[in-house]
């Protein structure tokens, strides 16, 4: 009598990022090599609550996915899975319903691809007995427990390319160009892109800034014969003594335009503001992100084969390892104000708006 085919599930949750499809592809191809069946769950964790919200994924379904942005499974960062208010097990509890759905589908593992919010939900499901394995995703690179998340490198490439393009127009018109990039709570994109693109000022959430110091940097460049400036600001950056800025409830944004308006008043120079926004999320993943996503997907299946649950695959140095999901939850991977990268930037004359 033939044994029942092993089955695993995979879902994508939270904001989209380049490399999601590459992870899905690696999961399907690796599982297929073991003779396993893969169930793709639509619309993140919400798909565990619906009917007919999943489908079998075959090698044919993932053909050509490696360079494709977005996610064929769709995703959502809203829904029923908020923080659990009670340890009581109720049939109305979405977490309880999700665990039941996992059991009914006969999944030996559920691979959850996402950032801190996704892994927090996965951890709660694991506490209720679900065999979950996390895969770290966020363009902000702010997920704890791993040295690098996929999606970051592609976003960095987009931001750096934007700085390169802004340099030519800024120099041609003697303008100050302000580029607002993503980074709700951390400044990894702004810092890396600012260094790679040769910015003059970098403003990040970890280093509150004085707009007067930023203006002084712009005017100092003028006096030195450089009549244009490039300023890169993370969306979560904030002035010293101030708070983050929002363009709508729960949506960070507006800091770039605020910086631009203040600099026009303080320097009398012409300022233009560019907000990259979702351009950083879309499009084909970079070669590095394709490789990292592929390694993560394959490692997640290997973890399932070894019966390792309640863990997240992660990059440590050059190796892919597994770490407890709890390591990815509760705190963020932030830029250290005295890190080598920040010190490097300062040594090059890049200002952070906190100078004395």
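Numbering starts at 1 and runs along the chain as it is shown here.
The backbone N, Cα and C atoms fix where each Cβ goes, and this holds for glycine too.
As written in Swiss-Prot, here are the features:
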- 140: active site, proton acceptor (ACT_SITE)
- 15, 78, 79, 115, 116, 117, 118: ATP binding site (BINDING)
- 116: Mg(2+) binding site (BINDING)
- 138, 139, 140, 175, 182, 183, 184, 235, 272, 278, 279, 280, 281: substrate binding site (BINDING)
- 117: site 'Important for substrate specificity' (SITE)
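Here the features listed in Swiss-Prot are painted onto the structure.
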| residue | record | contacts (Cβ under 8 Å, 6+ apart) |
| --- | --- | --- |
| 78 | ATP binding site | none |
| 79 | ATP binding site | 44, 45, 46 |
| 115 | ATP binding site | 14, 15, 136, 137, 138, 140, 142, 143, 149 |
| 116 | ATP binding site | 138, 142, 143, 144, 328, 329, 332 |
| 118 | ATP binding site | 13, 14, 44, 45, 112, 134, 137 |
| 182 | substrate binding site | 139, 140, 155, 189, 234, 235, 276, 277, 280, 281 |
| 184 | substrate binding site | 140, 142, 205, 235, 236, 252 |
| 279 | substrate binding site | 158, 162 |
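Taken residue by residue with DSSP, residue 79 (ATP binding site) is part of neither helix nor strand, so it is coil. Sorting the binding-site residues 272, 281 by the number of other Cβ atoms within 10 Å puts 281 first. Under the three-state DSSP scheme, residue 116 (ATP binding site) falls in the helix class. A gap of 34 Å separates the Cα atoms of residue 117 (ATP binding site) and residue 272 (substrate binding site). Secondary structure at residue 272 (substrate binding site), as computed by DSSP, is strand. DSSP assigns residue 279 (substrate binding site) to a helix in the three-state reduction. Excluding the listed site residues 15, 78, 79, 115, 116, 117, 118, the same chain places 13, 14, 44, 77, 114, 121 with Cβ atoms within 8 Å of the centre of the ATP site Cβ atoms. Minimal Cβ crowding within 10 Å, among the binding-site residues 15, 117, is found at 117.
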